[in-house]
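Novice: Here it is, the structure, as structure tokens.
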Amino acid sequence: MTFRLYDTATREVRDFVPLEEGKAGLYVCGLTVQSEPHVGHVRSGVNFDVLQRWLRHLGYDVTFIRNVTDIDDKILVKSAEQGLAWYQLAYRMKRQLDRAYDDLNVAPPTYEPAATGHVPEMIVLIQELIAKGHAYAAEDGSGDVYFDVRSWPQYGELTRQGIDDMEAAEDADPRGKRDPRDFALWKGWKKDSEPETAAWPSPWGPGRPGWHIECSAMAGKYLGPAFDIHGGGVDLRFPHHENEQAQSRAAGRPFATYWMHNAWITTAGEKMSKSLGNSLTIPAVLQKYRGIELRYYLVAAHYRSHVEFSFEALDEAATGFRRIENFLDRAADVLGGIGGGIACADFLNAMNDDLGTPAAVAAIHEVVREGNKLLAAGDSPALRGNAASVVAMLDVLGLDPADPAWSSPGGGRTAERLETVVEGLVSDLLTQREKARADRDFVSADAIRDRLHAVGVQLEDTPDGPKWSLS
């Protein structure tokens with residue numbers, strides 16, 4: 001089955017046909033590093049990590065670019081409020097974002113360009129737009145440069161809007177604009193309110209790039225004038241992605257062939273956002289759940305579906321993933337290890353259908369159910385292929401518990417030290433239970449069993465003694 005994906009631009013599911021056979025170029029808008037990342041922030045990182053893993057599974061040579069916006073109006077405001085240099089705040093928040101991605105086993109992109117490292121490329125692109133009559137320098141002395149939206153008749157085609165139906169671009173003082181919808185390509189330095197370090201030299205005077213030009217320039221540098229897939233959160237469709245496409249194509253760069261957008265995480269029906277006070281940071285969630293459980297929760301939902309966050313739903317997801325882990329643990333004990341395998345047809349078909357992760361996860365659970373039957377029947381030869389298939393499918397989703405990436409404190413399986421502690425405590429309780437049973441004190445034996453069950457430890461009495469696993 002051909003890999004098919006939903007293209008936001010055409011609003012239909014299309015066969016993926018790369019510009020160059022065997023290769024795939026992917027650009028995803030990364031975060032503006034202004035505050036500590038929360039669950040809503042990292043969903044995009046996880047979703048597009050699954051995309052790059054799937055493309056590689058299909059045999060594509062993937063070049064994956066995920067940028068970092070490290071200079072921005074909000075960064076300047078928040079750094080001033082905290083008494084920090086803007087670059088200090090950006091660096092600190094970038095470190096926290098890196099840790100969050102590590103905790104969720106988000107593989108690094110091929111390149112992760114920062115906006116501040118690519119100002120020359122942005123200036124060149126702005127000059128091209130001015131030369132082609134699609135941009136102009138403001139005449140109010142501000143040093144601003146704007147994209148002339150009315151010079152590009154296709155403006156609005158990504159989101160299917162007419163120019164006259166759009167709201168004004170609230171990214172700069174409108175006095176220097178020919179049309180309120182014109183958006184800033186370059187922002188002149190405001191020496192009375194902005195630090196000198198937040199300005200770069202340009203033909204229009206000191207200043208800094210606008211948000212939209214950053215991504216166009218960086219995508220062009222690392223992927224060329226035309227590339228396969230551009231991704232990001234659904235909230236970026238307008239104005240950010242609309243503006244990216246318009247300025248790139250106006251400069252003669254075809255830009256993206258496909259557009260993919262992941263949906264929000266919501267709480268009480270509203271987008272998770274720090275400004276709304278309804279966000280949850282990654283460290284806060286990882287105090288109760290493992291990184292692999294949070295990733296499973298995010299992966300199990302389709303990337304285009306809004307996720308209403310709740311701890312109850314996260315509890316259910318964690319329980320579901322533990323069932324998979326427990327099966328693999330038991331299978332590994334019987335087999336002495338699990339080798340490489342092949343994903344089942346239902347999983348492959350689901351992933352080829354616009355990254356259908358809900359159906360893909362369901363396929364994994366079905367194979368696990370079959371595997372548990374094989375364990376009960378003692379059919380080791382069939383179990384070997386079954387368990388290997390489960391591992392292969394989990395690996396595609398970044399959820400293989402044996403992946404070394406999950407050995408970190410926030411990661412997948414409990415850290416080695418904690419495993420030792422749990423093993424010792426459970427073994428001690430089992431010894432007490434066996435003594436109680438030998439003394440025919442079944443009330444005490446059952447009480448120990450119930451205590452273990454209450455904290456998620458399942459017992460199985462076998463001829464070789466009791467066996468335990470996490471439920």
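Glycine residues also receive a Cβ, built from the backbone N, Cα and C atoms like all the rest.
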Novice: Per Swiss-Prot, which of 31-41, 108-118, 152-162, 240-250 is motif ''HIGH' region'?
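Specialist: In Swiss-Prot, residues 31-41 carry the label motif ''HIGH' region'.
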Novice: Do you know which of 21-25, 141-145, 271-275 Swiss-Prot annotates as motif ''KMSKS' region'?
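Specialist: Spelled out, Swiss-Prot records motif ''KMSKS' region' over residues 271-275, not the other listed ranges.
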Novice: By a simple count, how many Cβ atoms lie within 10 Å of the Cβ of His240 (Zn(2+) binding site), its own Cβ left out?
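Specialist: Counting Cβ neighbours of His240 (Zn(2+) binding site) within 10 Å gives 18.
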Novice: Excluding Cys29, Cys215, His240, Glu244, please set out which residues of the same chain place their CB within 8 Å of the center of the CB atoms of the Zn(2+) site, keeping sequence order.
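Specialist: Going along the sequence, the neighbours appear as Trp211, His212, Glu214, Ser216, His230, Gly232, Leu236, His241, Asn243.
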Novice: Can you tell me which parts of the same chain pack against the motif ''HIGH' region' (31-41), counting only residues 6+ beyond its ends and a CB-CB cutoff under 8 A?
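Specialist: Hits for the motif ''HIGH' region' (31-41): 68-70, 72, 74-75, 78, 89-91, 93-94, 96-97, 100, 264-265, 271-274, 279-282, 285, 294, 298, 309.
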Novice: Tell me, how many other CB atoms lie within 10 A of the CB of Glu244 (Zn(2+) binding site), whichever protein chain they belong to?
Specialist: 27
Novice: What is the three-state DSSP composition of the motif ''HIGH' region' (31-41), stated as helix, strand and coil residue counts?
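Specialist: Taking each residue of the motif ''HIGH' region' (31-41) in turn, the totals are 3 helix, 2 strand, 6 coil.
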